[in-house]
Amino acid sequence: MVQQAVIQRSANQRATNQPTEYIGRFAPSPSGDLHFGSLIAALGSYLQARAQGGKWLVRIEDIDPPREVPGAASRILAALEHYGLHWDGPVIYQSQRHEAYRATLNWLEQQGLSYYCTCTRSRIHQLGGFYDGYCRDRHLPASGAAIRLRQTQPVYAFYDKLLGELHAHPALAQEDFIIRRRDGLFAYNLAVVVDDAFQGVTEIVRGADLIEPTVRQIALYQQLQHPVPGYIHLPLALNNQGNKLSKQNHAPPLPNGDPRPILIDALKFLRQPLPEYWQDLDLYLLLRYAVKHWTLVSIPLQGAITPQKTQRHSQSKYGEL
């Protein structure tokens with residue numbers, strides 16, 4: 001019988017698996033340089049971790065070579081350091097974690113929790129966008145096929161520490177989603193769950209554009225018998241057209257000048273308390289103040305237009321991606 005899982009805020013539910021140490025993370029993909037939107041996610045996850053007295057890890061999610069920009073990974077790390085966001089421990093690269101992903105795929109296959117699928121995107125689009133399990137019991141060979149998770153524990157809702165209880169479309173929750181692509185590349189949902197579990201991440205702070213895959217990731221956590229982390233999805237920074245700032249939408253990279261004005265814009269975006277005379281503080285003291293006064297209650301629940309001076313500063317000095 002299919003189990004319905006609803007992840008809610010309950011200290012009692014998580015008491016048995018609750019680690020003693022908070023571990024957060026920032027996990028960018030090297031498909032371009034950091035921009036103001038990615039700074040929001042990095043800063044929010046950093047402040048949440050430091051405010052809990054916890055660790056903040058950085059992972060480079062370089063599992064999709066066709067989308068990677070040469071040199072982007074090193075520039076991302078340099079930008080984080082330039083903005084004072086120093087991480088704990090070594091940086092993990094997903095391109096060096098293939099053995100762990102293969103081991104997880106093998107375990108799922110041995111448990112009867114995965115299968116091969118040759119359905120095309122056009123077929124699924126004709127079905128309304130959700131896969132119908134057509135290949136689930138066809139016992140297809142591996143050649144030319146993707147691998148899907150056999151969904152046994154669909155997650156219909158989860159609790160977000162900022163947004164409250166969020167519900168998924170039933171078809172999305174029940175879908176047997178892809179965990180290894182037809183071209184042999186490991187799927188994002190598989191890699192992120194395997195790595196977050198490996199790194200002991202206790203809470204994931206990221207942008208609201210990743211709300212939808214969360215129910216899939218929680219389902220995979222459960223089928224792999226890993227503790228499920230907490231979630232906070234931050235509002236998205238938007239451009240003048242109301243679209244999410246992203247590398248695909250040519251968001252300008254963060255400037256390399258004084259990082260404090262851009263950090264102030266990011267703190268304003270998150271509606272955090274600001275020091276009265278921040279110009280008199282160095283970068284270390286500014287971030288220390290931000291950690292001390294960090295509060296989730298003030299964060300807006302929806303995205304907002306990026307400050308114009310931030311866009312102009314970045315574009316005029318460094319152009320667009």
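Just so you know, glycine gets a Cβ as well, placed from its N, Cα and C.
Per Swiss-Prot, the features are:
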type    : residues                                                 : note
BINDING : Arg25, Phe26, Ala27, Pro28, Ser29, Glu61, Tyr188, Arg206 : L-glutamate binding site
BINDING : Cys117, Cys119, Tyr131, Cys135                           : Zn(2+) binding site
BINDING : Lys247                                                   : ATP binding site
MOTIF   : 28-38                                                    : motif ''HIGH' region'
MOTIF   : 244-248                                                  : motif ''KMSKS' region'
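Feature map: Swiss-Prot annotations on the structure.
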| residue | record | Cβ contacts under 8 Å, 6 or more apart |
| --- | --- | --- |
| Arg25 | L-glutamate binding site | Ser45, Trp56, Leu57, Val58, Arg59, Asp196, Gln199, Val201, Ile204 |
| Phe26 | L-glutamate binding site | Ala41, Ala42, Ser45, Tyr46, Trp56, Leu57, Val58, Arg59, Leu80, Leu85, Trp87 |
| Ala27 | L-glutamate binding site | Val58, Arg59, Ile60, Glu61, Val192, Asp195, Arg206 |
| Pro28 | L-glutamate binding site | Leu34, Ser38, Ala42, Ile60, Glu61, Ile76 |
| Cys117 | Zn(2+) binding site | Tyr131, Tyr134, Cys135, Leu140, Ala145, Ala146, Ile147, Arg148, Asp176, Ile178 |
| Cys119 | Zn(2+) binding site | Tyr131, Tyr134, Cys135 |
| Tyr188 | L-glutamate binding site | Glu61, Ile63, Asp64, Pro213 |
Neighbours of Arg25, Phe26, Ala27, Pro28, Ser29, Glu61, Tyr188, Arg206 excl. site residues, C-beta within 8 Å of centre, L-glutamate: Arg59, Ile60, Val192
DSSP three-state assignment for Tyr188 (L-glutamate binding site): helix
Cβ neighbour count within 10 Å of Tyr131 (Zn(2+) binding site): 20
Three-state secondary structure, which DSSP defines for Pro28 (L-glutamate binding site): coil
Listed in sequence order, residues not in Cys117, Cys119, Tyr131, Cys135 with Cβ within 8 Å of the centre of the Zn(2+) site Cβ atoms: Thr118, Ile124, Asp132, Gly133, Tyr134, Arg136, Ala146, Arg148, Asp176
Nonlocal neighbours by CB distance (under 8 Å) for Ser29 (L-glutamate binding site), same chain, sequence gap 6 or more: Ile60, Glu61, Asp62, Asp64, Arg67, Glu68
